[in-house]
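Since the structure comes first, as structure tokens, the remarks are kept for the end.
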Ligand SMILES: Nc1ccn([C@@H]2O[C@H](COP(=O)(O)OP(=O)(O)OP(=O)(O)O)[C@@H](O)[C@H]2O)c(=O)n1
Ligand SMILES: C[C@](O)(CO)[C@H](O)COP(=O)(O)O
């Protein structure tokens, strides 16, 4: 069994909309609906726990999506806190060896082929895996005045995406260890790396973008309107 954990307790500050970006309209649904369906439509994913901000649980879709159960819990101050809360809210029937797929509510354009490859390669890895995109642009380091002061080597650099796939017990322990150490972790792979574990990078599509600013929403509208292969 594989369950999804969907962190959806953010406020979308950088987006600047009157409501959190995961609840904005996109291609006939809400952003969060696309993100949930993108993971729940895979036959190997059995359900999801969504971490919500207090007061956000009035979306009618919380009971099931695509015929699969969707549970909710209250997220935390940081994304890692929300993921940890959702891990603790998974059904007790899932033992610690079960795989958990962590996918941002703000990533609605996940392609089914990327998810299938992540599950196949990740479940064959002793640690787990994450979708990622190799950096293909030259990287500049800015000075305090916003001028380019150096060019950073980009060989072996990747942009982490989601979903990220780890076993329930290992990920829970890694996130709890990071919390005890007061270490800020921006993604699940970072929590594992802190412990010396090396999850597999699975190359994902560049269009699996995270909705962060209004320009991202416009691009996502274009992406989702063009492909009938997506949920
Ligand atoms: N305390 C938090 C912060 C973020 N998230 C979720 O983590 C994902 C990625 O986070 P991000 O893009 O940073 O979302 P926000 O925190 O809402 O954005 P901002 O930083 O602009 O406020 C989103 O689905 C967001 O809802 C969460 O569950 N709990
Ligand atoms: C988890 C993530 O989407 C991987 O790139 C990213 O770290 C989220 O960062 P944010 O600042 O919380 O949006």
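Yeah, the Cβs are placed from backbone N, Cα and C, and that goes for glycine too.
Summarising the annotation, TrEMBL assigns site 'Transition state stabilizer' to 14, 21. What TrEMBL lists as site 'Positions MEP for the nucleophilic attack' is 154, 210.
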For residue 210 (site 'Positions MEP for the nucleophilic attack'), the nonlocal same-chain Cβ neighbours (under 8 Å, six or more residues apart) come out as 104, 106, 107, 161, 162, 216
List those of the recorded sites 14, 21, 154, 210 whose Cβ lies under 6 Å from any atom of ligand 2, in sequence order, or write none if there are none.
210
Local Cβ density at residue 14 (site 'Transition state stabilizer') - other Cβ atoms counted within 10 Å
12
In all the protein chains shown, the tally of other Cβ atoms within 10 Å of the Cβ of residue 21 (site 'Transition state stabilizer') is 26
Neighbour count (Cβ, 10 Å) for residue 154 (site 'Positions MEP for the nucleophilic attack')
13
Spatial separation of residue 14 (site 'Transition state stabilizer') from residue 21 (site 'Transition state stabilizer') - C-alpha basis, Å
9
Residue 154 (site 'Positions MEP for the nucleophilic attack') and residue 14 (site 'Transition state stabilizer'), compared by Cα position, are separated in whole Å by 26
Mapped onto three states, the DSSP assignment of residue 21 (site 'Transition state stabilizer') reads helix
